[in-house]
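The Zn(2+) binding site feature in Swiss-Prot is assigned to CYS456, CYS459, CYS525, CYS528; the stated evidence is sequence analysis. Marked as compositional bias 'Basic and acidic residues' by Swiss-Prot: 14-37, 159-168. Residues or ranges marked as compositional bias 'Acidic residues' by Swiss-Prot: 75-85, 170-179. The compositional bias 'Polar residues' annotation in Swiss-Prot covers 86-96. Under the heading domain 'Lon N-terminal', Swiss-Prot lists 226-452. Per Swiss-Prot, region 'Disordered' is recorded for 1-114, 158-194.
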Amino acid sequence: MDDEETSEINSVQGRDEDVQLEDHSQAQGLQDRRVDAMEQAWNNAIQDELSPPPEEAFQDPLAIEGEGGNAPEAMVEDGLQDDTASEGSHPSSDMSLESPGSEDDSDLERLPRWMIPQNRLRSAVDMMVSQARNRDGGIAALLNRDNFLQRVRSMVFSQERRRSRTSEETSQEDVEQPEDPPPQQPPRPPIDIGFDTNLPAEHSYFGNHLSRVPGVDYLEVGSVHHMLIFLHQHILFPGEVLPFMIDGRMFDEDMPGLDGLIFGVGFPLMQPPEDNQLKLYGVTCQIYEKGESGRGLVFYKSRALQRIVINFDDIQGSPQYIARNPTSKCFSKVKILPEYFLPEPLQSVDMGSMARFRDIPSMRDKYRRFQLSTTNWPSDACQEYSFASIVERARQRLESQKIDTMPKCPIQLSFWLVRNLHLTEKMMRLTFLTDSVNTRLQLIKSTFTDESLFFCRYCNSSLAHCADLFAMSKHGVQTQYCNPDGYIHETNTVYRVMSHAIGYSGEPSTKFSWFPGYQWHIILCKFCAQHVGWEFKAVQPNLTPRVFFGLAGSSVRIGKASENTSFNGSPYVVRNMLRLISNEME
């Protein structure tokens, strides 16, 4: 091939490449002009046709909470409603809210230019919600009327440009956000507790005029008794203290002399086994102190004793929640559930005269190895079910929580560990329903390696590390307390919360403080403005720690750290965002 033919071929190839580049540039420019036109049209429509008067501006949830409004509760109820009307608002679109990553743009041509398909809107709001989670102001700043719709518009069209300017492979990598790794827990500083932990356990906020009610009666396992019953919003385990305020007439007629009254408390949240759906599980409680409140109510302190089960057919009347000032009595037959405990396998091996070496610390390991050599059981199996090894591992895990009241009785220890190790709700139900102490301890042992967080129950924002729990009461890190209105709060004490996790409501106060010498201040989830607990700050100079937090069990849940991703918001948050936008655009 000569030089002239070669140059002619190269010239033709160069012209082809120029034509392809020109066509690509024209197509790219057309896409950009189309997106810009849609953006400008929607912006003009919002500004010219849909601008609400200033008095209809979005309100700050924190401000609403401070005014005593019920907006957060309304948001929760609204979020629990069905979305079908919202999803079907644009019949010409086949893209639902459940497919935010769809790349089908065919509907964009059929819809008016200022209308955006729901899946595009959902994707933009989802991204904004995830970004607001880690910023100051949280959802309150996100709902700022001055720039809310503008930010939604910008997010929608920035995502649209990203889809149109990249290839299919690159777009897939761009749209799919990598999962955030679990948050690394900051190093825990040493905690110095200069506070009498007996005071919260005594519930001294009730006053000093309470009188002792003697008598602690354990009922025979398997026996059936007729007693007064109430309901409770939290799960109580035997050994826990339940303080409450109630009309004294509910108990006085049934108070048998000097013996403490025993009554039953059922837990509606305790899901019964599938084969026993018509049963209510709970505990017996015995009153051990009482005193007048001065407002027609009586303070009572009671302690949970034994697990019980109630058949629905045996309930006489309508049971009421003990924390909601019940006005009528309800009685039922209750059955006392058993607690089975089997000693360690090696304890059943009779070593004769050598048994004296078992209690000598220097000979204990040698004695154990000799025992193992006389049995057919592998050493790993014996170690797996060793009660002593579970106790030691639990002691090491709780060492940083400043707890020195671990019981020695296996039955009491199994319930005590459930309260202080903070298991998930599913695990708590499993441990409560089992009659075997050994099985309960094995379930608890399976959670020793879990890294857990406290999450807001309403929006799933992470609030605190479970490893930051510590005991401000001799009963442990989780205790039931009663507020002045009679509502019972399950409170978990932590010495710190995550940055940008909380806001405040109202003013601090020292009245009816559960921790004498500390003032309390209501804290809210900074993302959804729901009440999640209290901040306690020392008002006396000699108390330590100076600041700690109490998380309300009804407002938080416990989950694994791996759940804490950037897109872990509750669906109702995004759904309500979409409804707000839709209302503004109608």
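First residue shown is number 1, and so on along the chain.
Cβ atoms here come from the backbone N, Cα and C positions, even for glycine.
DSSP gives CYS525 (Zn(2+) binding site) a strand state. Neighbours of CYS525 (Zn(2+) binding site), defined as other CB atoms within 10 A of its CB across all chains, total 27. CYS528 (Zn(2+) binding site) counts 27 other C-beta atoms within 10 Å of its own C-beta, drawing on all protein chains shown. All chains included, 24 other C-beta atoms sit within 10 angstroms of the C-beta of CYS459 (Zn(2+) binding site).
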